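Feature annotations, reproduced from Swiss-Prot:
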COMPBIAS  1021-1043  compositional bias 'Low complexity'
MOD_RES   Ser448  phosphoserine
REGION    509-559  region 'Disordered'
REGION    783-802  region 'Disordered'
REGION    1001-1044  region 'Disordered'
REGION    1058-1104  region 'Disordered'
REPEAT    342-436  repeat 'GTF2I-like 2'
REPEAT    681-775  repeat 'GTF2I-like 4'
REPEAT    805-899  repeat 'GTF2I-like 5'
REPEAT    908-1002  repeat 'GTF2I-like 6'
MOTIF     1012-1019  motif 'Nuclear localization signal'
Amino acid sequence: MALLGKHCDIPTNGCGSERWNSTFARKDELINSLVSALDSMCSALSKLNTEVACVAVHNESVFVMGTEKGRVFLNTRKELQSDFLRFCRGPLWNDPEAGHPKKVQRCEGGGRSLPRSSLEQCSDVYLLQKMVEEVFDVLYSEAMGRATVVPLPYERLLREPGLLAVQGLPEGLAFRRPAEYDPKALMAILEHSHRIRFKLRRPPDDGGQDTKALVEMNGISLLPKGSRDCGLHGQASKVAPQDLTPTATPSSMANFLYSTSMPNHTIRELKQEVPTCPLTPSDLGMGWPVPEPHVPSTQDFSDCCGQTPAGPAGPLIQNVHASKRILFSIVHDKSEKWDPFIKEMEDINTLRECVQILFNSRYAEALGLDHMVPVPYRKIACDPEAVEIVGIPDKIPFKRPCTYGVPKLKRILEERHSIHFIIKRMFDERIFTGNKFTKDPMKLEPASPPEDTSTEVCRDSMLDLAGTAWSDMSSVSEDCGPGTSGEIAMLRPIKIEPEELDIIQVTVSDPSPTSEEMTDSLPGHLPSEDSGYGMEMPADKGPSEEPWSEERPAEESPGDVIRPLRKQVEMLFNTKYAKAIGTSEPVKVPYSKFLMHPEELFVLGLPEGISLRRPNCFGIAKLRKILEASNSIQFVIKRPELLTDGVKEPVLDTQERDSWDRLVDETPKRQGLQENYNTRLSRIDIANTLREQVQDLFNKKYGEALGIKYPVQVPYKRIKSNPGSVIIEGLPPGIPFRKPCTFGSQNLERILSVADKIKFTVTRPFQGLIPKPETKILTTGHEAGKTTRPRRLQQDTWQPDEDDANRLGEKVILREQVKELFNEKYGEALGLNRPVLVPYKLIRDSPDAVEVKGLPDDIPFRNPNTYDIHRLEKILKAREHVRMVIINQLQPFAEVCNDPKVPEEDDSNKLGKKVILREQVKELFNEKYGEALGLNRPVLVPYKLIRDSPDAVEVKGLPDDIPFRNPNTYDIHRLEKILKAREHVRMVIINQLQPFGDVCNNAKVPAKDNIPKRKRKRVSEGNSVSSSSSSSSSSSNPESVASTNQISLVVKSRGSELHPNSVWPLPLPRAGPSTAPGTGRHWALRGTQPTTEGQAHPLVLPTR
C-alpha cells in the first residue's frame, strides 16, 4: 500500500515503543487485516475487468488500494488524498496531537499493493548507508557553521553523547553510525531528513565534561504537504532556543542533497504554497531572532547547470534519488565496487547526472581547477579544435548527456576513468562575444521593446532546453522572469562553491600539446547546445539591466559562420549532382535515395570520415573540409532509374538565388526562434524519412523470411517476448534490433547502409507470427455509364483463408522442423552423429526397408511436405518417441557419407532460401493459372485435381527435366531452374477442372486436403445447394439461363491464353427486372473459338 507523502510514517510525539499498549496493537492488526481483505477484493475485481480506486484514512495513515489503474490514478492525483484526509480530520487538522501516538500503518498483505518508495528502488544497502552518512555530515557541518562539509566524528560523539543533540529522527531510532541501521531505518531517515536537525551543546574542543547527558531525540509531528509549514505553531521544542544554530535549516539541507523529478503542476503548487505560509523561527516556537550572517539561498545552491530549486522549502517526494555527492563518488572512485551498480542501474536520470558530473569534473581538471565547471557544449561543437575529448568509447559522439540513451550512458561510465579533456587553445573570440543564450544572437528591431525581447528569448530557451540543464546562472533566470527555471528544470540542484560564479570566463595562455582533431558533433545538438558558459558576463551591471539589449559587436556569431558554409556546401552538392545526371542547372540532391542505395548511388572524393548527408547535419569543421575538397568530389550513379523521381526538382535559378542572398544580407540578424525552428524541422523530416525507410526495410525482410512476396508488419513486441524465435542477422555492430522509432539518424543511416546484408530467419512459430489480412475495398460497376459504388468484398475473395493466412508461416516452419527431426533420426539409425537427409523416394518404393516407430497412431511416415499443420504438430509433440530402424540398406553407405546435401550446416544455410524460392514458384504458378483462366489476378492452382486428371491442364515452358507438380515437392535446384525460366512458363486449360464460378468467387480453390476440415462440410453443402437450385430452376423455367445465378460459358483453349472479353460477362438486353428471389443481373457470355478437339467446354459463372 502506498501511504500519502511522508507524513504518514512517523508518530507525532517522541514517545518510545514502551508507551504502546495492547489495545492499539490489536486495533492495528485488525485494520491491517481488513485493509488486506479489501485489497484482495480489488484484485478479484481487476480480473473481471473492473477498475477500483480506494483511499482509506486511519488517524495519521492513508492507505491507497485498488486495481493497478486505480492506484496509478490516485498516486498521480495526490490532491485527492490530501483533500480526503482534510475532510476526515475536520477542524482537528491543525490542532497539535497530545494523545497517544499512532502507529505507522503499513499493509503488508495483498500482493497488489503499491510499495512505498524505496527499498525496492534502492536495494543497495551500501548506497543507503552512504546517503545517510552524507545527510549526517551536512547536518553536522551546518551545525558547526562551516561552509564546507565536515565529516562527523562518530566515535567521539558516541563516546561523549553530550556534545550533540539530534532532533527529528524517526520514532524508535537512536543516533548511531549509518552502518548499524537496517535498510528500513535508513530509508526512514532519508525520507524524513528534512526534519532532522543537529545542535552542538558545546564546542567540540571543550572535552567530554558532561558525559552524563544523553543524545536528545525529539519526535516532531510530520504534517501533510498542504499545511506542513502552517501547522507547527503548537510544537514545543525541548531544546533551549539560544542553542539552535541558524544555519541548520532542513530546507537548505534537503535542497543541497537530493535530486527529485517533480511534475510542473507540483512545482507551481509549491510556489503558491510557500509564500502563503512562510516558515519562520517564530513559527517553530524557537525564540531566536532571524540571523544576520549569510544564509545559503537557492542561488547559492545552483548546480553545475545553473538550475534553481523549485521552492525554498520543497518537500522530498517518495522517490528518493541518490545525493549528488554519492554520484560524485561513483564517478571518481577508482575501485570497482560501483561497477555492478552502474550495470544494474536503469534509471536514465541518475545515469545522466553521473555523466554530467563526469564531464564537468574532467573539464575542470583540464582547466586546472579543483571544482566542477560546466562544459560549454556548443562552443566545443562550433570550435572543436579548441578542446579534445579523449577516452570516450568508439562510435559515441561527444554531446550533452541528456541526448544519450541508457546503453551509451553506461558505456561512458564504464570508461569514466580514461575520459579526459585536453585544452588546445582558446575558443574563437566570436563565440566569446556572443550573447548568453543558447540560441543565435537576436537583434532588437526598432519597434520591439526590451520586454518583448525578454519574453521571446525566454520562450526560445524553453523550447530548446526543456528537460536539459540550464546554461545560465541565477541572474539570467531572474531576467527571464519568475518561475522559468523551476518550471523547466526538473532536477534539484547540486551545491557548488559561491565563488564559482566569478570564474565563468576562462582564459588559457599555455595550451597543452595538440593531438588529432576530435570528431565533429552531430547536428542533433548543434542548434540547441549551450553557448552560455565561458562568456564574458558584465559584472559591473545591475541585475535590472538587460545584457541582450546592448549593442552587439561587429563580429559574426557562430550562426552567421555556419549558415553561409551550409549554403555553399548545398550548392556544391547540387552542382556536382547535376553534372552527374547531365544537366546544366543545379539540381536538388535526393539524399534519401543515396542512403537507400549506397552501392548504386554514392559519392567519391569526400574527406575521410565524412559520408554524404544533408549539409544541415554537418558542423563548421566538416563543412570547411568539404569545401576544401570540392574539386575532388564526384557523384557516381550506376543505376539512373533509381533517380527518376529525384531529377524533377531544380533549385532556384541564379537570379532567384541572388535575390535570396540580398534578402539574407539585408536581414542578417533575423534568425531567432523561427530559423532554429525550421532547422529543427528539417532534422525531424530527415529522421522521419530514415525511420520510414528502415521500417519498410524490416517489413520487407520479415516478409521474405516468411516466404511472402509482400512486406509484413514486424511484430516487435512478440519477437521480444519470444526470444530466439526470430534471428536478425547483418545489423551493424552495436545496434540492437528494435523499433526504428527508437533509433537516431546516425544509427538509421548505418542500418540502411547494410540493407542488403540484413536477414530475418524464423526459427520457430509463435502466436501472431503473421498479422491478419485486412479486408479490401473494391469499386465495381454493373453497367457502363452507371455510377460506381464501393463494396466490401468477402475476405476469402482476395485473401487466402483466414486460418491459413494466420498460420502460413507456422506451417512452413513446422514442416522444416519435422524434416530436421526425421533427418536426425535417420542419421542415428545409420550410426552417425549428424543428421542425414532421408531418401523419401527410396523409402516409398521400398516401404519395408525402414521402420519408423513412435509416430502417432493415425499418422503414416512419408515426406513432411504432405502433412497438414495438425499432423506436423502431433509429430513434434511426440518427437522424443520417434525412432527409425533400418532393415534393408537403401543406398551405399559411402554415398550417404559423401552426399554434399547431408550435413546439417548445408541444410541450415539453404533452409531460408528454399522456403522463399518455393513460395515464389507457387506465386508464379498461381499467376499463370489465373492468366489461363482469363483473369487478371492469381488463382490458386488445384494441384490435386491436376494430379488426378493430368491431361486437363498443359504446362509449357518448364525445363525439360522438371515435371509439373506441387512446388513443395521440388528441391532447391529445380526451384531455381523454374524461376530462371519464368518468362517461358505458360498454362493451357484443356478440360475444365472445376466450375468457373468457384474460381471467380473464391481466390482459394484448393483440393479438399487444403481446405480446413471444419469448412469442408460448408463448402460441399454450398455446392450441392447451388447445383440443386440451378437444376430445379432450369427444369421449371425454360428461360432459366436468364433467371438463375448460373450461366453457361464457353472457353477457348487452343494453345493460346484466354482473352478477358471472352470470359467476362457482358450485359444482355432484358424485358424486365427479374423478381425471383436470390437472383441477380442477367448475363450472357459467348466464347466461340473451338478447342483443339473442336469441342466447347461450358463453364458456370454465378452472378451477383
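Along the chain as shown, residues are numbered 1 onward.
Glycine residues also receive a Cβ, built from the backbone N, Cα and C atoms like all the rest.
Counted with DSSP, the repeat 'GTF2I-like 2' (342-436) comes out as 48 helix, 8 strand, 39 coil.
Per DSSP, the repeat 'GTF2I-like 5' (805-899) is made up of 48 helix, 8 strand, 39 coil. DSSP states for the repeat 'GTF2I-like 4' (681-775), grouped as helix (H, G, I), strand (E, B) and coil, give 46 helix, 8 strand, 41 coil.
The repeat 'GTF2I-like 2' (342-436) scores a mean pLDDT of 83 in the predicted structure.
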